[in-house]
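Visitor: A single structure is presented below for examination.
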Amino acid sequence: MSAEGRGGGGSVWRCACAERAGARSAITVLGRLLAAMGRRARERRRPQQQRGGEQGGGGGGEQGWSGGYPEIVKENALFERYYRGQAVVPAAEWDAFMAALREPLPATLRITGYKSHAREIRHCLKERFFAELRGLRVDGQEVEMPQPLSWYPEELAWHTNLSRKILRKSPQLEKFHQFLVSETECGNISRQEAVSMIPPLLLNVNPHHKILDMCAAPGSKTAQLIEMLHADMNDPFPKGFVIANDVDNKRCYLLVHQAKRLNSPCIMVVNHDASSIPNLQIDVDGKKEILFYDRILCDVPCSGDGTMRKNIDVWKKWTTQNSLQLHGLQLRIATRGVEQLAEGGRMVYSTCSLNPIENEAVIAALLEKSQGALELADVSSELPGLKRMPGITKWKVMLKDGQWFEEWKDVPLNRQTQIRPTMFPVKDEEKLKAMNLERCLRILPHHQNTGGFFVAVLIKKSPMPWNKRQPKVHQKLSQRTEDAEVTTTNADDGSEDTAEEPTLAENEESKKMQESQNSDTEQSKKGGVCGPPPSKKMKMFGFKEDPFVFLPEDDPLFEPIQKFYALDPSFPKMNLLTRTQEGKKRQLYMVSKELRNVLLNNSEKMKVINTGIKVWSRNSDGEQFGCAFRLAQEGIYTLYPFIHARIINVCIEDVKILLTQENPFLSKFSSETQKKVKDMAMGSIVLKYDPDPEKPDELQCPIVLCGWQGKTSLRAFVPKNERLHYLRMMGVEVFKAKRKEEESEGKTEEEGQCGAAQTEEGTDVEDKEHDLVTKMEAEIGEESSHSPVESSAMEVENKIEDLGQFSKNSNNHVSQESKDSDTNDVKD
């Protein structure tokens, strides 16, 4: 190269170096500038934090929040003035009421009632965990023995004076807390506020009822409704169902997470604005008819001043403006609910607020516009043991500046956008008496150490007056041939739904509402109430979900499954669906016949987030064993009554081996189990344990597990928390120190990611994991196939931790296809 060329290249190189040096210099200067800004900001905050600490509690140490912020003062003068003026609380009880509000809310839990082993969980709680709390002191405070809620049936709900904070932070209670967390993940226990349990109980749900939960997230009440549907565990497909709705797309996935713990084929989660939730149609004897619900839960958004004991921010944020802004929405939602309620049906309206503007005012306005179509049910004899206050008949309206108004005519024109006539009590004494507002329930915190709550139970006696002269919708169903539109059989259960005259079709209703809006406004200004409040057009939220595609009757996919598992001829294969229209079907889900009817006839007007339970998963190597799909633990209790092949009955010692060891050799099992497995082909199996009534000390509830038979081994496909649950029920100690668990979590996570693909597809795990099994054998030692598995807490937990790739994947209730939420952020 010439000197000129070298010189030119050197010049370019030097320019590039200079540019890079300049960039580095600029980055350095920017970094120093940001650091200086950060130091100055911290210096400015420090005096404020010191002052805040002094204000928060004389020295700021223990009483202030971390970071130097002052503790929230549990005082609100406007709140006290407002509720003293409303006479919601008897004057003699006012001090006790305010004192209770300033105390932390006790922890409460509920045992899921429909599972066959609810009694075993209750026994385990009472005899083991509660007994260990006797005489225990935490932070100088004696821990009271947990007590059953006197008004909740069968001692399935308990409360203690332990707050959530103490439960999480106290080392003495770590074992109890981990038990609660693990059992909650399995769906065997729900940590739910006591007053939140009341509305589902007052619905009086039966297994054949069609139920709508209008504002369902986060899902604790929805879970109660599902349990009630499955009161008879011998019926895998009750005729009723729950449609759980929420307007918040993100909270819908939290709702899915809650509902899927209960493994029901009778739950559907949808995403709509409750005030304009669409009318659904179902096929009844070849005709389309409007779907009316036997039971509706209307737990509306509210100001939440009944939750002050757990949401302490309410103390400083509370104002009367909150209730004034919510009243109209609450009335619209309640009106939409009663429109969709069947004649003779029951709707429960509830809030976690004590405010009559959100409670009695909404109910009174609804009763007035119903013109006798609705009535308040007398539930004074229901839930004996529950202390309650009757609804009030007189109340006033207050602005956020403290100004009171007793009648609509006193409200100045410039305030009539904030205050509406429906917020005031009815002046006609006869009308007011006929409403029976005293039948409403108000739960006060100091009566039974709970939160505050309001409940009203409404019965529908006849169609709403604005629906009486509307024609019935009768459309002859066309024959369908596409996968997602297979003709369904009659889904009606003989209830009173079809006897109700239908509400308006969506377009007719929107038009009528728009026309009536102006006249309604004029009537309101005069103090009258006319017709339902104006409704809004339906909006779709969030991203588009994958489709729900039912298998056609002649789908070749099903025949090898039917043959492999010897499915009963009564198996409802038409209820199987997938979440993909193209490519291989990886997961098969199942819904009840009634929900299938709803899905097929409303796909265009309803946004479904999730429905169905997973019953089979594709196994990448399964075809060589005779079936491409293995059983899924999520749906095994639904499938089991229809399976007549590949079932192995095991003893309790075999169950312990299956749950404490990942891939045990057949030689470890009882001789009876080895004989049953000997002549069975490799592949997916059912492992069934039946209790022995003559051995009362052993587990007295049946267990059904999904398993996999290898060449020389047998394993169970069970999520980790479910494994721990069964081991607890069998008396095996599974607790391990939290710190130890956290240390091993990272390793488990890494192993889980490495083996997730093979595990999810249910491959022949024996050959791929032989090294792991050999290592485990060396560490644990060979155990006799006839001897019980006696493991310490550390051993049992370590065995399960070592199998993270299986447990983590099996516990994933969220398939990529269904986009379910996998979040643990559960609040009441």
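Cβ atoms here come from the backbone N, Cα and C positions, even for glycine.
Automatic prediction, not curation, is the source of TrEMBL annotations.
What TrEMBL records for this protein is below:
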COMPBIAS  39-48  compositional bias 'Basic residues'
REGION    39-66  region 'Disordered'
COMPBIAS  53-66  compositional bias 'Gly residues'
DOMAIN    97-461  domain 'SAM-dependent MTase RsmB/NOP-type'
BINDING   Cys215, Ala216, Ala217, Pro218, Gly219, Ser220, Lys221, Asp246, Asp273, Asp299  S-adenosyl-L-methionine binding site
ACT_SITE  Cys352  active site, nucleophile
REGION    466-533  region 'Disordered'
COMPBIAS  738-750  compositional bias 'Basic and acidic residues'
REGION    738-828  region 'Disordered'
COMPBIAS  765-778  compositional bias 'Basic and acidic residues'
COMPBIAS  806-815  compositional bias 'Polar residues'
COMPBIAS  816-828  compositional bias 'Basic and acidic residues'
Visitor: Within 10 Å of the Cβ of Cys352 (active site, nucleophile), how many other Cβ atoms can you find? Include all protein chains, please.
Guide: 25
Visitor: Measure the Cβ-based neighbour count of Gly219 (S-adenosyl-L-methionine binding site), defined as the other Cβ atoms within 10 Å of its Cβ.
Guide: 30
Visitor: Quick check for the class: what is the C-alpha distance, in angstrom and rounded, between Lys221 (S-adenosyl-L-methionine binding site) and Cys352 (active site, nucleophile)?
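Guide: Answer for this pair: 13 Å between alpha carbons.
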Visitor: Averaging the per-residue pLDDT over the domain 'SAM-dependent MTase RsmB/NOP-type' (97-461), what integer do you get?
Guide: 92
Visitor: At the Cα level, what's the spacing in Å between Ala217 (S-adenosyl-L-methionine binding site) and Cys352 (active site, nucleophile), rounded?
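Guide: A Cα-Cα distance of 14 Å.
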Visitor: In whole Å, could you give the widest CA to CA gap in the S-adenosyl-L-methionine site formed by Cys215, Ala216, Ala217, Pro218, Gly219, Ser220, Lys221, Asp246, Asp273, Asp299?
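Guide: Pairwise Cα check on Cys215, Ala216, Ala217, Pro218, Gly219, Ser220, Lys221, Asp246, Asp273, Asp299 gives a maximum of 20 Å.
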Visitor: Just how many other Cβ atoms lie inside 10 Å of the Cβ on Asp273 (S-adenosyl-L-methionine binding site)?
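Guide: For Asp273 (S-adenosyl-L-methionine binding site), the count of other Cβ atoms within 10 Å is 20.
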Visitor: If you measure Gly219 (S-adenosyl-L-methionine binding site) to Cys352 (active site, nucleophile) at Cα, how many Å is it?
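Guide: Checking the Cα atoms of Gly219 (S-adenosyl-L-methionine binding site) and Cys352 (active site, nucleophile) gives a distance of 15 Å.
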Visitor: Let's check the environment of Cys215 (S-adenosyl-L-methionine binding site): how many other CB atoms sit within 10 Å of its CB?
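Guide: A count of 23.
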Visitor: What does the structure give for the C-alpha distance between the residue listed as 'active site, nucleophile' and Cys215 (S-adenosyl-L-methionine binding site)? Integer Å is fine.
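Guide: Spelling it out, the Cα of the residue listed as 'active site, nucleophile' and the Cα of Cys215 (S-adenosyl-L-methionine binding site) are 13 Å apart.
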